[in-house]
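According to TrEMBL, the features are:
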DOMAIN    B:23-190  domain 'FeoB-type G'
TRANSMEM  B:299-320  transmembrane segment
TRANSMEM  B:354-378  transmembrane segment
TRANSMEM  B:398-420  transmembrane segment
TRANSMEM  B:432-457  transmembrane segment
TRANSMEM  B:469-492  transmembrane segment
TRANSMEM  B:530-548  transmembrane segment
TRANSMEM  B:666-687  transmembrane segment
TRANSMEM  B:699-718  transmembrane segment
Amino acid sequence: MESEQKSVRDLKIGESGVICCLNDPEMSLKLLEMGCIPGEKVKLNSRAPLGDPITIIVNDYTLSLRLDEAATIMLKA
Amino acid sequence: MSQVLAPAPAAASSISADAPERVAKIALIGNPNSGKSSLFNQLTGLNQKVGNFPGVTVDKKTGISHLTPNLRAQVIDLPGTYSLYPKSLDEKVIIDLLHNKKSDFYPDALIITADASNLKRNLLLFTQLADLKIPAVLALNMMDLAEKHGISIDIEELQRELGVPVVPMNARNGSGIAALKILLSQPLQVSTSSFFEIPEDLLVMVRQIRYYFELSNDYLALHYAHQYQKLSFLSEDDKEYIAELVKKYDFKSNTLQANETIARYMRINEMLLDAMQVTKAENNEKQSNKLDQILTHKVFGYLIFFGVLFLMFQAIFAWASYPMDMLDLGIATLNSWIQSKAEGPLIDLLTEGVLAGLGGVLMFVPQIAILFAFIAILEESGYMARVTFLMDKIMRKFGLNGKSVVPLISGVACAVPAIMATRNIDSFQDRLITIFVTPLMSCSARLPIYTVMIALVVPETYVLGVLSLQGIVLMGLYLIGFLAAIFSAALMKMVLRTKERSYFIMEFPTYKMPRWKNVGLTIVEKVKAFVFQAGKVILAISIILWVLSSYGPGNNMQVAEQRATVEAQAQKLAEQDAEAHIAGQKLEESYAGQFGKFIEPAIRPLGYDWKLGIALLTSFAAREVFVGTISTIYSVGDSENIATVKEKLKAQKDEFGQPFFTPARAFSLLIFYVFAMQCMSTIAVVYRETKGWKWPILQMLYMTGLAYVSAFAVFQLFS
């Protein structure tokens, strides 16, 4: 896994990406169950006023998560 | 293998009335926010009971539903979950129940709720449950919302794909409930479809587990391999057996669970290709998003949130005082009426022990009802998720959770409802920390003590001409309590070193109008839980305290009464003062008085004498009792009047003839009451919320220890 690869954490508000893989084995199951499946489109919807947590739109619904959780969702280049 | 279970066989109705009716057990399961509790409320109404699952701190809500006029079913409401691989203690309850056919609560059938507007994700849990081969029906909820979002679902097609009956419904307004009940009154089948192929190479191991435990299907056996450590009904030998197999076959649980989830989603996508059409997907979140731009705005978001908190705080603090005063008056009137009709020790026990204790329990009902009305509305509307979102980053620094804000702030009014409100925190550890530190917030019962002591030693002067010094000290006390709470939380986070990983990943629900029926039922549930579970402990302790202060060893108290009466006559005291003098002398000779003298050596370093020792004991019933007790000890006739109490206390002299209540003593007492867990109701409610004595006892030791050390430091520093 190259370090330059973008994750959901790096998205700007309104920007979208396609999930490539999840790199935290323990957290990945939770994310998968919540619909963050490789190949799905994901869009950064908003940030909390203090920058963390964020909300994303995936699978047609809004999901909120912390930045360090978002950092484990890698995007396709 | 496919068992066909008839929930309470139709024949039951033809059996004569006195024959034991077999009541079918139906479990309600689904994703959080899929309308599960609305459906539970619709099915059971007020016939609900809250118990708890054995061994865990999870509430078990059950209720009786009348499917047909003469067919009843017991409905169990399981915690909301996204999958059968539990991430929290709450969710663990589900596999403990569904994976154990011998469990008392093992359901005959499942109602699986799914949010039709978010079907893909909701079907994940469904497919797992269907593969467990338990007879089920899918309650397709929130059909109106799905329609609004441009989602159309072909029910026939979905039913064919899923292999179980699908009932389109809207639990919020009750449509579809009748159809669901009719379905449930018929024998239900297990799904004819299978949604996941267990990989070939696992089958050897899975079959071994299946035959060893005599399980009815492979998928259940696979779950045993994944979660044997979490299944509390397995013996150590059983776990050892699975552990060896898992090791032998190099079973990679995490990867396999992830692969299974992906495979299930692929299958779901295929099924929905035919069964679901989406016409305007992009519009889904627009309305909620617009509201969020204001409600989670960096300025308005916090302003609105603090406005909501303020309103809530006002409500518990101010509005609740009307019904509370009425209750107080009612109990007092009833007591004096009974006392005017009859006399004797039993009547005293009834009035001053039992009825006063009962009043002490009921006193909390208005506060609990009001707080939970607010919380239910916040939860139902979807605003609570925004609160968590706004506050998470700040609260996380102290080992707390975005949702800890509401209990902490409510704690300023009263810790009892505040601790009950921690139920909404999903992570068990965060909930525990919040429960632990909430009583450190200065509650309204501390206010009388603060007022009296401050009035006693802080001069009524103004700083900078406008700020009252007394007011500043009062604020300082609240601040100390708040700081103690958050730093204790940070400390506890370090000590606890979590095993359970805490996630924030959660659904951000769209805004909805609260359902008033759900709000009402929440209030009823919380009040019942408090009165029947914590209330017992409160009543017991208040009776013990009453006995301690009304009886003494031998005939000491009668002697004291006679002596005091003679003294009062000799000094020609007015009637009120005479009574006060007698009461004070009697209290000194009671068991409580003995206790005060007994602990005097321990509290002397804090500057207290045995009289204050008595007050420490009696104010354990509730902090505000402190003022009443010192009024009795110091024979203040009119304890309602702060000025009278103050004058009387000012006149107290120590053994050297100097004023007893020096600033050092008063501040030592103030600090003691800021920190000390002087509240049996809080202990009772912590006991009920953590389902055991471990945490309330630890909490009491911690808070009393903190109070003791701080009061000691303050007294030594000031004197």
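A Cβ is built for glycine as well, from the same backbone N, Cα and C atoms used for every other residue.
TrEMBL annotations: computationally assigned, not manually curated.
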Original post:
Counting Cβ pairs under 8 Å that are 6 or more apart in sequence, does the total for the transmembrane segment (B:432-457) and the transmembrane segment (B:666-687) reach three or more?
Top reply: yes
Original post:
Is it the case that the transmembrane segment (B:398-420) and the transmembrane segment (B:699-718) have 3 or more CB pairs under 8 Å, with pairs at least 6 apart in sequence?
Top reply: no
**OP:** Run the contact check on the transmembrane segment (B:354-378) against the transmembrane segment (B:699-718): 3 or more C-beta pairs under 8 Å, excluding pairs closer than 6 in sequence.
**Re:** no
Subject >> Non-local residues, at least 6 beyond the ends, that sit with Cβ under 8 Å of the transmembrane segment (B:699-718) >> reply: 435-436, 439-440, 484, 488, 605-607, 662-665, 667-669, 671-677, 683, 686
**OP:** State the non-local partners of the transmembrane segment (B:469-492) in its own chain: residues 6+ outside its ends, Cβ under 8 Å from one of its Cβ atoms.
**Re:** 397-400, 404, 408, 411-412, 433-434, 436-438, 440-442, 446, 450-451, 454-455, 458-463, 670-671, 674-675, 702, 706
Original post:
In the predicted model, what is the mean pLDDT computed over the domain 'FeoB-type G' (B:23-190)?
Top reply: 89
